[in-house]
Amino acid sequence: MIPAPLVLAVSIGYLALLFTIAAAANRAAAHGRSMISNAWVYALSLAVYCTAWTYFGSVGRAAAGGIWFLPIYLGPMVAMLVAWIVVRKMVRIAHAHRITSIADFIASRYGKSPTLAALVTLITVIGIIPYIALQLKAVSAGYQILTASGGATPAAALPWWRDGTLIVTLALALFTILFGTRHLDSAERHEGMVAAIAFESVVKLVAFLAVGLFVTYGLFGGMADIWAKAQSVPEIAALFSPNTSRAFDYTQWFALTLLSMLSVLLLPRQFQMMVVECTDERHVRRAAWVFPAYLLAINVFVLPVAIGGLVLFGPGRMDAETFVLSLPLTQGAPALALFAYVGGLSAATGMLIVETIAVSTMVCNDLVMPAVLRRPGFAARAPGDLTGLLLNIRRLAIVGVLLLGYLYFQVAGEAYALVSIGLISFAAVAQFGPALLGGMYWRGATRAGAFGGLAGGFLVWAYTLMLPSVAKSGWIPDAFVRDGPLGIALLAPERLLGLSALDPLTHALFWSLLVNIGLYVGLSLRRAPSGAEASQALLFVDAFARHPGAGAPVFWRGAARLDDLMALAGRLLGPERARAVFEAHATETGIADIGDLTPDARLVERVERALAGAVGSASARVLVASVVDEEPVDMEDVLQILDEASQVRIYAHKLEAASAELKAANAQLKTLDQLKDDFVSSVTHELRTPLTSIRALSELMLDAPDMDEAQKAEFLRIIVAESERLGRLVNQVLDLAKIESGLADWHTADVDLAHLVEAAVKATGELFRARGAQVEAHLPQGLPTVRADADRLMQVLMNLLSNAAKFVPEGGGRVDVTLRREGDSLVVAVKDNGPGVPAGEGDTIFEKFRQGGDALSRPSGTGLGLPISRQIVDHFGGAMWLEQESGGGATFAFRLPLQPGGGRTP
Amino acid sequence: MKGARNRPGNDPGPRPEVLLALFAAALLLFNFPLLAVWNVPATVFGLPVLPVALFVIWAGLVAILAMVSERRREGGDGPA
């Protein structure tokens, strides 16, 4: 055993450490540096899911039934797969509307209904109490194990003031109050708490892994060794054998998976961490896989520890829920036991802190405040700041919730295992599923449907699960559960209508969700949503349709006075924060002095949103309504407002599109300008070359009058050739310019390509003969005509053929011209056996002034032939390309589409 | 719109179709009747098949989710 003062000192020291971390995070936040704005911290904060249930209860469950502890963690894995879709939408909605709790979320969705908010809060408080009791039970049981010798039964009943659990409860209440309600935050964010919880997540994981490693590799020789040893004890072997006694209950397995899938989204503390405390919705992306990975890690050693404990202690001799502590304690590692206790403390306190803060916010905003506001003359009677009142309500709520948990622990705690207690709470919060998830995706859901579903589901839950749990503890006669009320067997809580095929939990989950969903859908379909419901439905369901910042439509009509709004905001937010709200609005609307603000719908909505952060959306609605004259918004108004808003959005869209187009056009112009510059410089360069040689030769002849005739004639011939080249170049440049600008004359007619190719081959025959090359044309008969300009096509063919003539080897050249039909077009290919086009130049060869080969060896030419040819072919809707031959040689080909309705033979 | 890609609100993230497919796969792999396939009285590496199978599937899902989540996707709008 470990001396009690040491355990106490370590526990208090640990809580003090948490407090220091939280204070540091708060200080950093005050200086504008967030310690928690980070996907890893966010993921760790989600691990608040792992409570004392995980830490102690899983091992107990595993020792009793093998892998049955797992579905509770497989559900979150499955849910997190769609976190990017669902959780991100929840975060987006919550941040847009300053939603601070799950009650607020549901109430806000169904027209900011205070009744709905109160119902959700009530369900949460009642539903979550067993779960809080579970944590208290774990902490106090752990303490007893550590301090008592041998982990025997705790000392006989102590008077209540010496009851350790009560003291722990009150200490935690104090701690939570210090943690969570030091000041009022308009967004209900708690940087310090999140930092502390993330730290706790690390501690509990490390502690559990340490125990797991100690048991698996310290006490045994690995997992396989534990399993082998377990097999040799018949009682343990029977427990884990898949095909013994009872059949595997697949229905319950599915129910547990579904339950935990819903719980990981809907538990108040998960909602608080996942949605309210989320600093950036992009963090969801990484957290979606880090969080399940964390769960995986913390579960790996559950079975080894459970089975190892059974092997060492013998089955049934020691409470398996305390193996994490009792194994190191009895096997000579008390320091590890103490560390494990700190880990369990982390798991329990983390849950308690976040859960009670979340629940106290709900109790304050959705139960107490509406009642306070409804008191007659409240507005007139209570002048001044209300922030202090709000904080005090929350502090009281924290103490109240924890004490209720303690009460449940006293009433029912001893009769149940940790896991069973937790599952009761899971089933309660699962009731939020239809209203919350349905509300995010179904516009037609109404307040009546949500209310009916929640109330119905909750009542069935209370009757089929909560009541039996109290009955089993002996507070209600047990016959009630066994035989049904007044002996009516059909109404027996755990066998409703005689349904006895399911275990109690699955049974309760099935009936409650059936009633819940049935009423939700049925009542929603019965009546169309009202104006207020429809407007909120649109804001929720289409949360991603709006650009962040583009401003949602404001569904509000009426008249307000600026002074009233300012006074209201000042009372609930405190004067400074209220002033900041109005100043932000003034800056956005471009007004210098906040006294000049127009109290229009936007401002009213802004004030309401700011208030919602402090007191919840339903209370904020009531408060704002009390200081302004508003007209009821009916369905027609909603549509009209929406229409106006979408008009503005459409204009904004158009403007954006137009400016994008302008940008693109500008970029294109710039490129064209660059191209033109390149073109001009290329043209001038090409013009200068022949001009230079003409000038040089002319000057030579002028300077040497006695030059001999042969020399002179040679020079003159060059001059003439160069002039011709110059002329050709100028013509081609003009030609290209004409085609490109669309000013060229086209004489379109039916052209027989075979005929044309033949003529072209004939016309270039002399060129080939001069180089000793052979030309062969393969022209099938009876091909259809194309619509084109015969002269221009001739130009293309001549260009390709003369190019081929230039590149074929002297003497042994061979050129094949083929014409064939391919689908709806005709293809002409000119194939030569020249050197081919060097790799990498295939694309550039069609650009202006790019001639094949290097400058020295290439034959004379202007470099414009191919670009012009391509332009011509393009003009007729065709395409020109280069086919490289592997064995040398190049094939230039082009395709022309057959005329519409073509295919007939001429 | 090209500019929208860098705004916090329009991080395209993993494709919704992929996530939904993984979701369906996970539900199937963790439940009857596939669960009955792993639930047999045999051992792998000296350990019973069922827990090993569940942990392996679990790790696989985490790995795939990590892969599709951490991959930068170019362009595209967020899921509606």
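Glycine too: its Cβ is placed from the backbone N, Cα and C atoms.
Feature list (source: TrEMBL):
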type     : residues  : note
COILED   : A:648-675 : coiled coil
DOMAIN   : A:682-900 : domain 'Histidine kinase'
TRANSMEM : A:6-25    : transmembrane segment
TRANSMEM : A:37-56   : transmembrane segment
TRANSMEM : A:68-87   : transmembrane segment
TRANSMEM : A:116-134 : transmembrane segment
TRANSMEM : A:164-181 : transmembrane segment
TRANSMEM : A:193-220 : transmembrane segment
TRANSMEM : A:250-268 : transmembrane segment
TRANSMEM : A:289-315 : transmembrane segment
TRANSMEM : A:335-368 : transmembrane segment
TRANSMEM : A:389-409 : transmembrane segment
TRANSMEM : A:415-437 : transmembrane segment
TRANSMEM : A:449-471 : transmembrane segment
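Using a Cβ-Cβ cut-off under 8 Å and counting only residues 6 or more beyond its ends in the same chain, the transmembrane segment (A:116-134) has close neighbours at 51-53, 57, 102-104, 106-107, 110, 267-268, 351-352, 355-356, 359, 362-363, 365-367, 370, 401-402, 404-409, 412-413, 418, 421-422, 424-425, 427-429, 431-432, 447, 450-451, 454-455, 458, 461-462, 466, 469, 616-618. Contact between the transmembrane segment (A:68-87) and the transmembrane segment (A:250-268) is present: at least three CB pairs lie under 8 Å, with pairs separated by 6 or more positions in sequence. Segment contact is absent for the transmembrane segment (A:193-220) and the transmembrane segment (A:389-409), given fewer than three CB pairs below 8 angstroms at sequence separation of 6 or more. Using the rule of three or more Cβ pairs under 8 Å, pairs at least 6 apart in sequence, the transmembrane segment (A:250-268) is in contact with the transmembrane segment (A:335-368).
Note on the transmembrane segment (A:37-56): residues 72-73, 76, 131, 134-135, 137-139, 141-142, 194-195, 197-198, 200-202, 204-205, 208, 264, 267, 269-270, 273-274, 277-280, 282-287, 290-291, 294-295, 298-299, 321-322, 324, 343-344, 347-348, 350-351, 354, 418-419, 422 of its chain, located 6 or more positions outside it, place their CB under 8 angstroms from a CB of the stretch. Sequence-distant contacts of the transmembrane segment (A:289-315) (same chain, at least 6 residues past either end, Cβ-Cβ under 8 Å): 39-40, 43-44, 46-47, 49-50, 54, 58-60, 62-63, 66-67, 69-70, 73, 76-77, 80, 201, 204-205, 208-209, 211-213, 215-216, 219-220, 223, 226-227, 229-230, 233, 235-236, 239-240, 323-324, 326-327, 331.
Beyond the ends of the transmembrane segment (A:164-181), by six or more residues, the same chain brings 15, 19, 22, 136-137, 139-140, 143-144, 158, 190, 192-193, 196, 349, 352-353, 356-357, 360, 391, 394-395, 398-399, 402-403, 405-406, 409 to within a C-beta distance below 8 angstroms of the stretch.
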